[in-house]
Amino acid sequence: MAREYKPQIVTANDLFEGDVVYFTASHDWVRDLGGAVVAYSKEAAETLLGHASDQQDKVVGPYLAEVVMGEDNRPEPAHFREAFRTRGPSNYFHGKQAEA
Amino acid sequence: MYKYNDFDEAFVRNRVAEFREQVERRVDGSLTEDEFKPLRLKNGLYLQLHAYMLRVAVPYGTLNSTQMRQLALIAERFDKGYGHFTTRQNIQFNWPRLKDVPEILELLADVEMHAIQTSGNCIRNVTADHFAGAALDEIEDPRPTAELLRQWSTDHPEFQYLPRKFKIAITGAPNDRAVTKAHDIGLRMVRSEAGDPGYEVIVGGGLGRTPMVGKTVRDFLPKADLLPYLEAIMQVYNLSGRRDNKYKARIKILVHETGLDEIKEMIEEAFERQKRDFRGPPSELLEMIEEAFAPPLFDNTQSLAFDHAQEANPAFRSFVETNVAAHKNPAYGIVSVSLKPIGGTPGDATAEQMRTLADLAEAYGHDELRVSHEQNIILPHVRKADIPAVYARLREAGLATANIGLVSDIIACPGMDYCALATARSIPIAQQISTRFDELKLEREIGPLKIKISGCINACGHHHVGHIGILGLDKAGKENYQITLGGDGTETATIGERTGPGFDAEDLIQAIEAIIETYLGLREDTSETFLQAYRRVGAEPFKQAIYARPEDEARAA
């Protein structure tokens with residue numbers, strides 16, 4: 001049986017700052033996962049990643065990451081690595097958590 | 001200390017100018033990331049989880065006060081006010097912006113530093129005993145050799161595209177503080193029967209996914225033969241090392257798959273050829289390097305101030321017990337400054353702390369500092385009479401933690417708090433262990449114990465050679481930690497044995513506590529260290545202590 005498809009978003013690191021960014025519906029990049037466009041099918045995810053990968057002048061290493069849909073239908077990280085990427089390191093109050 | 005000559009200076013400046021252009025071309029879109037990535041990596045610039053990371057080489061772990069102050073300046077201006085000292089004796093900055101990196105490299109060049117060959121499949125920064133030039137047990141300072149190797153390996157055209165990265169470590173002392181047996185090449189200074197210093201050459205050690213203790217390919221190599229012999233090893237590796245599989249590309253796999261006898265033969269054969277054609281480095285160069293590492297002019301005045309301070313101040317006495325090692329000059333001591341405050345991040349120093357260390361090196365330490373692979377800073381030459389004053393300043397700066405070699409002196413890689421390769425976090429585990437054992441007030445009672453933590457199988461945290469090693473993994477979407485016991489990174493190098501299934505973070509600290517309680521219960525007396533006890537009784541009592549807990553039995557039932 002085919003594995004059940006889980007919703008995905010496209011994430012990358014900003015070319016200039018190096019920080020974590022997410023791909024939006026208007027094919028732009030935002031700092032907050034909540035602003036990411038969610039792909040609900042494998043095909044939609046591939047298309048999205050294709051568009052994101054065309055933006056090499058803005059970001060580095062775009063890839064698909066699974067999300068779970070939370071309250072208000074906002075995407076939340078499915079894996080702990082992605083959860084850390086939304087916050088920053090745990091030893092100092094640095095990175096996204098300090099900028100929110 | 002080695003001073004750049006005109007050639008070194010021009011070489012480093014040219015590399016900065018070249019990288020500045022490369023960054024500009026990446027920013028204006030003329031270079032793609034695929035084109036730019038190998039170029040930035042050649043200059044030590046990685047992209048990590050939350051930001052870029054710049055890895056700066058500290059050749060053989062040696063710094064002077066001017067360099068340390070410059071690192072402080074960079075930390076303040078381009079990072080978040082701190083730097084991270086690593087198990088490769090380097091320093092990493094965790095938050096630089098791409099556009100600032102050329103300027104950072106320029107600031108480094110101003111103090112004869114760079115980030116070249118801190119990444120990629122080349123010969124990396126040569127590491128050395130952090131007590132080099134000071135240790136009582138030393139045959140000779142290994143740093144002139146390390147510097148020669150740095151010059152020989154930097155930009156060497158034959159070594160730019162090796163099958164995989166290549167790490168060399170060197171020690172001048174029989175007590176191995178440089179983990180030479182866990183490097184691609186380890187060099188241990190020994191004396192010939194005639195009493196001449198030379199090297200035992202160890203090849204094929206390494207940690208990572210296939211941990212191996214290096215094997216001796218030469219019991220004694222005369223000093224003059226070092227470069228042609230190493231070239232012979234590199235030649236054998238370059239020709240026969242595997243390039244078909246990244247995970248089998250390190251020289252340890254070649255040595256293992258070929259067999260020791262055959263690899264020795266291959267090296268000796270190549271060595272004969274190399275030696276015939278080899279015209280050694282010019283003797284002026286060797287003399288210049290030797291002179292650069294001549295011992296400082298020691299002040300041999302004896303004083304009782306050191307002894308009196310220990311009698312008067314128990315906290316100072318306890319600092320001396322753990323953090324001061326025997327110096328070859330009896331009027332001096334080697335002061336290890338712990339970057340492992342209780343609950344802190346192993347290896348981190350703030351800009352302010354770096355400046356304090358620089359000031360102390362200048363005022364009391366013949367202007368020398370060392371970075372240890374155990375992520376601490378060493379003041380290698382401090383007059384005993386000055387150690388009380390140094391201690392007082394360290395206390396003010398939050399740098400007087402008296403825990404060198406004890407349970408809270410933990411090595412931890414950056415783990416998933418920073419590293420893009422990590423499978424779990426390391427730093428919070430180190431923080432929890434050190435906090436817990438501080439609460440228990442058992443640290444001194446436990447005695448010498450090395451805990452080393454890696455956040456992935458690549459083993460930057462040297463977990464395989466920790467007396468207690470911890471490896472963080474991703475087990476079905478949850479951080480999980482495997483424990484190894486009995487590892488040893490010294491001249492009696494041993495790879496630790498895995499105890500069994502791993503633990504979730506919540507249960508890990510309890511397991512570590514159970515292991516240590518077991519040791520305290522079974523040791524013959526207080527002089528039997530954890531490692532000695534483990535070697536005597538084996539893994540079984542420890543396994544029982546961590547797995548035969550009531551909830552596990554209930555689960556098994």
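Glycine is no exception: its Cβ is also placed from the backbone N, Cα and C atoms.
Because TrEMBL annotations are produced automatically, they should be read as predictions rather than curated entries.
According to TrEMBL, the protein carries these features:
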| type | residues | note |
| --- | --- | --- |
| DOMAIN | B:52-110 | domain 'Nitrite/Sulfite reductase ferredoxin-like' |
| DOMAIN | B:119-274 | domain 'Nitrite/sulphite reductase 4Fe-4S' |
| DOMAIN | B:343-397 | domain 'Nitrite/Sulfite reductase ferredoxin-like' |
| DOMAIN | B:409-546 | domain 'Nitrite/sulphite reductase 4Fe-4S' |
- Rank B:52-110, B:119-274, B:409-546 by Cβ pairs under 8 Å to the domain 'Nitrite/Sulfite reductase ferredoxin-like' (B:343-397) and hand me the top one. B:52-110
- Note on the structure: Reduced to three DSSP states, the domain 'Nitrite/Sulfite reductase ferredoxin-like' (B:52-110) has 30 helix, 15 strand, 14 coil
- What is the average pLDDT across the domain 'Nitrite/Sulfite reductase ferredoxin-like' (B:343-397)? 98
- Task: Go ahead and report the DSSP secondary structure tallies for the domain 'Nitrite/sulphite reductase 4Fe-4S' (B:409-546): helix first, then strand, then coil.
- Result: 57 helix, 28 strand, 53 coil
